[in-house]
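**Q** Have a look at this one before I ask anything.
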2 protein chains.
Amino acid sequence: MDRSPFEDYRRQFQPPVPAALAADHVTFKIGDPTESCEDQEQVKQFFPVTYGLPVLDMEIAEAPATPPAPIKMGVIFSGGQAPGGHNVLSGLYDKLHKINPENQLIGFIGGPSGLLDNKYVVIDADFIKPYRNMGGFDAICSGRTKIHTEEQFAASTATARLHQLNALAVIGGDDSNTNACLLAERFKADGLDTVVVGVPKTIDRDLMSPVGIDTSFGFDSATKVYASLIGNIETDCLSAKKYWHFVRLMGRSASHITLECALQCRPNICLVGEEVQAKGQSMEQVCQSMVDIIKARHQKGMNYGVALIPEGIIEFIPEFGVLIKELANIIGPAYDNGIIMTPEQVLPKLSEASQKVFAFVPPQFQLQLCTEPDSHGNPQVSKIETEKLLIAIIEQVLEADEELTSTKFFNTQSHFFGYEGRCVPPSNFDATYCYGLGQVAAILGVAQKTGYMACLRNVANHVSEWVPCGLPLTAMMNVEVRKNEAKPVIKKIMTDLSGRPFALFCSKREEWAQTDCYVNPGPIQYYDGEGPLRAVADRPTISLEEEARGRAQ
Amino acid sequence: MDRSPFEDYRRQFQPPVPAALAADHVTFKIGDPTESCEDQEQVKQFFPVTYGLPVLDMEIAEAPATPPAPIKMGVIFSGGQAPGGHNVLSGLYDKLHKINPENQLIGFIGGPSGLLDNKYVVIDADFIKPYRNMGGFDAICSGRTKIHTEEQFAASTATARLHQLNALAVIGGDDSNTNACLLAERFKADGLDTVVVGVPKTIDRDLMSPVGIDTSFGFDSATKVYASLIGNIETDCLSAKKYWHFVRLMGRSASHITLECALQCRPNICLVGEEVQAKGQSMEQVCQSMVDIIKARHQKGMNYGVALIPEGIIEFIPEFGVLIKELANIIGPAYDNGIIMTPEQVLPKLSEASQKVFAFVPPQFQLQLCTEPDSHGNPQVSKIETEKLLIAIIEQVLEADEELTSTKFFNTQSHFFGYEGRCVPPSNFDATYCYGLGQVAAILGVAQKTGYMACLRNVANHVSEWVPCGLPLTAMMNVEVRKNEAKPVIKKIMTDLSGRPFALFCSKREEWAQTDCYVNPGPIQYYDGEGPLRAVADRPTISLEEEARGRAQ
């Protein structure tokens, strides 16, 4: 990519680092042995080498008697992009170089497949320079290949052996870090000295740990992009007073992104998947709660509003999950025989409960659920534009409402924000956090610690108070059944319905629904000088701040 | 609205002003009489009072012998939101107050309907304070009511008379400013002293004049929002290398927004409506030109890219315009009789040429064109998601391509950016430009100049070189047939296919198509201190810069 004047400016940013990372040498304060968060006995079976490791806190130390031998380390981006990835690379490179200028860093290209195919590039000072503080993963690109077959593990070992890799950093989400831990085990089993460390990446923020991960990188910047756009839309909404804007936000599983945007922007409606699931709400109930707000505002002459919707919301509705499974069993076999079924043909084959749910889905979406199965014959729920589905259902509900003489007051605009935020140049927070994470990963690599996640604790505070540490990957695991097989996986951290961010939202949402409490957070500011703009530019997410307040109490 | 930390910071921004606006007194350097840009004789008939007025350049002057009497001025937002509107209000208020603290400003609420219904608010120092440098029009809101019936003109006169208004500022686009000029005439004809001045607002930038308007306000900020998002998407595209992203951009008429975004971001494909029209391209030709690029990149293993599409593009395709007219004549009468026709029923009733065009439209869009007529029975072209239509057609073309063994390489994501950018807090440029425009409008009001547009010339240069002036509204007019009636209207300024911005695009687009020249401009920076970030924050649009370079040669 060519660089804009903004990027030329931003590239000069020198992320501050906590004292332990600025120091020439660190030592590890070794904590107690850890346990996996659930299913301890089962997880232990899968990870004989890396299970039960202690948390490692890094502390400033004197120079060691014997300096560490030079190492060769590899790095991979795995999965979807998140702002700050390039700063993990620059942190890795800078720390490795500082520890020993003979240390080498290579980047595998295009994600895990680069490891399998031995496609790589040497990351040196000239290579990394144009990517400092830039968004994207384009320096070495990412990919979604999962290493799970015996051939793939063997290929990984072959590449690691070929390079005589001493360490490999895997920058990824829950699945990628589960894979990193399996690789750590495999390399040991194959007699390699290659240690594997993870770096917690995902804009979704469902990769956290009370022991070491306050937030995953990218969430700060991505939510700031989305919130700035929602703030603009709210301002537009209030200026024109003619539309309900339905905004779908990225995040298939957890609703962290949507909740954070709500806390920043104070919309009239915000759905939280975890709450819908916990309450066992039906599609009808979810929509009725929205209709109640729309009608209440209508009665006050306020025929406008903003609703935030996590993209995975319908999968959190229990009855909808049942419908999808039944549909798969009906349209799948037909599809295998080259037959696309119509909604009319499908309806009588559903259970009574699912018939009711299906009938509640507007015709064009019924059609979509039947006629666009994926190659496995499953309805493609992720292709449904949830915000449009909800609008269509709400229109039906309003039409059927006998209290209303007309539904003309309900005019809508729909939006989806996802790709817009994954590659924004990282905010001060993410640029600094990622640079630090890269340095921690380098230290773990040089110290030959395998099966660890590179972490920085206490990141809601000033960077001088951040605590670099290594967290055993197995400590975050539980066992889940995937494709009929029990598998150890890092447990996704969903929105905590008893946590402070959600409690704050609950305490305000009625007021936000009934009045106009909109806030426009503004676009990310990248200023790093002195003065009041610095506080604006450095402000972390509200979710992170609230959780830290909770812990401080 | 509540205010975010960013907004609290930004509210303190004090826009710089050119010397003539900082001065205590100005005088007018009176230019030669003007002519309308076309149809001079006809336009003259409509505007006996305001036709042929001279351009008025403002120059610093001594204090006048008799200070101007205090005035009461009204202000209206008309039409869609554009960043900077609140700064027009603050510029108006500050200048009026400075000229004479007894001057009064009132804002009519909800657009022109506020004038008709005499709904207003007094704009004083306390009222305006929270809105300084904020996005949106929410201080007094906007509306799309057009004043065209005798009753509406009479109601306008009644309100102006009731308030004994000396002046009225209309902040709007081409239609709203045409209306402003008609109001100026009507007030004179009704014996009122109320002068009417316009302020050039529209993110679309189709309201310009070689005599006085380099750009309309809002274009700078809105395109910077869109370009920052496109830049993020380009970075994502290059990191994952798996999708073609089709981005539709707001702008039904002119393609200025899309062209500016292309100049900032260097996408692989960018359609320009005016070029498609000038070349008389068919839908097939437009799509084939896109397919050629997609295939050429595919042959190089580059199965990704970014395409920018102005939302009005299909209305620039001549054959499509014919099809739409024929469809209206077929489905309209049927709709009036309660019948929704199917594409199969419609097809044989079309002309041979239109049958061919209609057959080229993918089925789901044929259905949309037939089954969703508006209340007048016309196909709702604006409801078509053009980016999805083009994707569907391109998929058909690729499927039919015998050179290709598979079309699986063409995977897409679609986006639409519009509402996200209209209410962003104004950039340094728009905040400063609008504050100055408000001051110019105040001066014109106090000086009792009617039928003028408040203007600042030379705005590609440093603010110290900006030239405040008044431009006769009639100078921008021509006569167009609207609903079978000849009407004077301000002529929309379309993309100049012989201008420098388009020439720059043409000289680069082949390179941008074949290689990855993406640039990420980054989000708007609001810094106004010293140092390199200031140059980034102050940078105007490339379109404006290029045109100024052209004039300087």
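Heads up, the Cβ atoms here are built off N, Cα and C, so glycines get one too.
So TrEMBL lists these for the protein:
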type	residues	note
DOMAIN	B:72-386	domain 'Phosphofructokinase'
BINDING	B:Gly80	diphosphate binding site
SITE	B:Asp175	site 'Important for catalytic activity and substrate specificity'
SITE	B:Lys201	site 'Important for catalytic activity'
BINDING	B:Thr202, B:Ile203, B:Asp204, B:Lys242, B:Tyr243, B:Met250, B:Gly251, B:Arg252, B:Glu311, B:Tyr419, B:Glu420, B:Gly421, B:Arg422	substrate binding site
ACT_SITE	B:Asp204	active site, proton acceptor
**Q** Tell me the Cβ neighbour count for B:Gly80 (diphosphate binding site), meaning other Cβ atoms within 10 Å of its Cβ, over all protein chains shown.
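**A** For B:Gly80 (diphosphate binding site), the 10 Å Cβ neighbour count is 24.
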**Q** Rank the recorded positions B:Lys201, B:Arg422 by how many other Cβ atoms lie within 10 Å of each Cβ and give me the one with the fewest.
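**A** Checked B:Lys201, B:Arg422; of these recorded positions, fewest Cβ neighbours within 10 Å: B:Arg422.
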**Q** Name the residue among the recorded positions B:Asp175, B:Asp204, B:Glu311, B:Glu420 whose Cβ has the smallest number of other Cβ atoms within 10 Å.
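**A** So among B:Asp175, B:Asp204, B:Glu311, B:Glu420, the recorded positions given, the one with the fewest Cβ atoms within 10 Å is B:Asp175.
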**Q** Give the sequence-ordered list of residues that share a chain with B:Thr202 (substrate binding site), lie 6 or more positions from it, and have CB atoms under 8 Å from its CB.
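**A** For B:Thr202 (substrate binding site), the qualifying residues are B:Gly79, B:Gly80, B:Ala82, B:Gly172, B:Gly173, B:Asp174, B:Ser216, B:Phe217, B:Gly218, B:Phe219.
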**Q** When C-beta separations to chain A are restricted to under 8 angstroms, which of the recorded positions B:Asp175, B:Lys201, B:Thr202, B:Gly251, B:Glu311 qualify?
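**A** Nothing passes the 8 Å Cβ test.
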**Q** Between the Cα atoms of B:Lys201 (site 'Important for catalytic activity') and B:Tyr243 (substrate binding site), what distance do you get, rounded to the nearest Å?
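**A** On Cα coordinates alone, these residues lie 36 Å apart.
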**Q** Mind telling me which of the binding-site residues B:Tyr243, B:Gly251 has the densest Cβ neighbourhood, counting other Cβ atoms within 10 Å?
**A** B:Gly251
**Q** Let me know the DSSP-derived helix, strand or coil state of B:Gly80 (diphosphate binding site), please.
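**A** Where B:Gly80 (diphosphate binding site) sits, the three-state DSSP reduction gives coil.
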**Q** Could you tell me the C-alpha distance between B:Gly251 (substrate binding site) and B:Asp175 (site 'Important for catalytic activity and substrate specificity') in angstrom, no decimals?
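**A** So the Cα of B:Asp175 (site 'Important for catalytic activity and substrate specificity') lies 15 Å away from that of B:Gly251 (substrate binding site).
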**Q** Do you know offhand how many angstrom separate B:Glu420 (substrate binding site) and B:Asp175 (site 'Important for catalytic activity and substrate specificity') by C-alpha?
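**A** Cα-Cα, rounded: 23 Å.
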**Q** Based on DSSP, name the secondary structure state of B:Tyr243 (substrate binding site): helix, strand or coil.
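**A** In the DSSP reduction, B:Tyr243 (substrate binding site) maps to coil.
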**Q** Measuring Cα to Cα, how many angstrom lie between B:Asp204 (substrate binding site) and B:Asp175 (site 'Important for catalytic activity and substrate specificity')?
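**A** Here the two Cα atoms lie 13 Å apart.
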